[in-house]
Amino acid sequence: MGQAAWKGFVLSLFDYKTAKFVVAKSKKVGLLYRVLQLTILLYLLIWVFLIKKSYQDIDTSLQSAVVTKVKGVAYTNTTMLGERLWDVADFVIPSQGENVFFVVTNLIVTPNQRQGICAEREGIPDGECSEDTDCHAGESVVAGHGLKTGRCLRVGNSTRGTCEIFAWCPVETKSMPTDPLLKDAEGFTIFIKNFIRFPKFNFSKANVLETGNKHFLKTCHFSSTNLYCPIFRLGSIVRWAGADFQDIALKGGVIGIHIEWDCDLDKAASHCNPHYYFNRLDNKHTQSISSGYNFRFARYYRDPHGVEFRDLMKAYGIRFDVIVNGKAGKFSIIPTVINIGSGLALMGAGAFFCDLVLIYLIRKSEFYRDKKFEKVRGQKEEDNVEVEANEMEQELPEDKPLERVHQDEQALELAQSGRKQNSNCQVLFEPARSGLQENAFVNMKPSQILQTVKT
């Protein structure tokens, strides 16, 4: 028995099992299935492969370097500064040319400051006082300019004044001018040189045209047809970012310069081109008290006596952030097979949906359900039925088969209950039989026929 079991197991390893298909002649379900197949196929071809290019291996670990250079000059003539010519060393910070740089467009200058004793500026709450006890000596003025000396300085007969402080005097008191100091900054140019590399594919490129013409960068400007001349006019960048130059030059702001690289390496390297986008990154709402961008810096000097003094400058301007992003794709068999397999799985989901419609939703669903699902008894149940049938046959007389006994019993019962009615007698003819014999049973469908005869 054990050897037979093992033999059957070993032989079963070489069996091939296949599905049994039922062809349903339903035009509605068939049409639905073809529509689903066509939809999935179009999704796979158009969206997955043509648009998303999911047959490619993608590299998003972009390595990038940015070098910037600003050029231009501006002339001013003010009461405080007199006639002055401004060049890149005056208005570009930092001068190294990094991916974040600042261009000064407006200034508030407080010249000739020296360390000493003076009054705090009005309008600073912690620096206001009514008497000397309001100014604690040695304390710094919150959001102010120096350390309190302990004295309250009042002008004339006023009851309110400001604390005396030790600071760089005189303190900054001027307000913002109504017009930007460097109006001509709109015509400055910015040269943005970008080098990128995708390490997975060992692919490198720059946004500057490879040419031997030394005068190319001196004569060209960026345009939609000249992508490899990354020289931008400052006013154009601000306009492309959706801002007004005179407004942003007065109070300052932050502009984002985005460089996008989307490279299909299945094509030639000439098809891998940079794309530029510009937007304003800071809070540009006019009602906000924190709008704009500014900071302070100083230039220090010494007088003939060796005493240090400085010119304090509060600079307003535009900060530019150069942000580089990108990805590269190249054909790979692995993502291709994965996406084809996903499409085939969607095909199977479509067939499953059509099965649900066929066996549950349409008018003849019960008929198709009976054809699709076949009930088969297990081997043990078949053996039990066969044993019971054999036992019943052995209990009957040999000359009376099982179906004949059933007929005799029915005829006897009807004869005992029969009676005459109006000199007529109901005679029960032998019932008609139909059916097939399965497992020693006969499926009987008796059809009793009553016939009236005269006596």
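In case you wondered, yes, glycine gets a Cβ from its N, Cα and C as well.
Feature annotations, courtesy of Swiss-Prot:
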- LYS69, VAL70, LYS71, THR189, ASN294, PHE295, ARG296, LYS314: ATP binding site (BINDING)
- CYS118-CYS169: disulfide bond (DISULFID)
- CYS129-CYS152: disulfide bond (DISULFID)
- CYS135-CYS163: disulfide bond (DISULFID)
- CYS220-CYS229: disulfide bond (DISULFID)
- CYS263-CYS272: disulfide bond (DISULFID)
- ASN77: N-linked glycosylation site (CARBOHYD)
- ASN157: N-linked glycosylation site (CARBOHYD)
- ASN202: N-linked glycosylation site (CARBOHYD)
- 1-30: topological domain 'Cytoplasmic' (TOPO_DOM)
- 51-339: topological domain 'Extracellular' (TOPO_DOM)
- 363-455: topological domain 'Cytoplasmic' (TOPO_DOM)
- 31-50: transmembrane segment (TRANSMEM)
- 340-362: transmembrane segment (TRANSMEM)
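What Swiss-Prot annotates, mapped onto the structure for a quick look.
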residue : record                      : Cβ neighbours (10 Å)
LYS69   : ATP binding site            : 16
ASN77   : N-linked glycosylation site : 8
CYS135  : disulfide bond              : 25
THR189  : ATP binding site            : 16
ASN202  : N-linked glycosylation site : 7
CYS220  : disulfide bond              : 15
CYS229  : disulfide bond              : 18
CYS263  : disulfide bond              : 23
ASN294  : ATP binding site            : 15
PHE295  : ATP binding site            : 14
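In the three-state DSSP scheme, CYS118 (disulfide bond) is classed as strand. In this structure, the CA atom of THR189 (ATP binding site) is 11 Å away from the CA atom of CYS220 (disulfide bond).
Within the chain carrying the topological domain 'Cytoplasmic' (1-30), a Cβ under 8 angstroms from the stretch's Cβ atoms is held by residues 354, 357-358, 362, 364, 368, 371-372, all 6 or more beyond its ends. Residues LYS69, VAL70, LYS71, THR189, ASN294, PHE295, ARG296, LYS314, recorded as binding ATP, reach a greatest CA to CA spacing of 24 Å. There are 12 other Cβ atoms within 10 Å of the Cβ belonging to LYS71 (ATP binding site). In space, CYS169 is the closest of the disulfide-bonded residues CYS135, CYS169, CYS220 to LYS314 (ATP binding site), judged by Cα positions.
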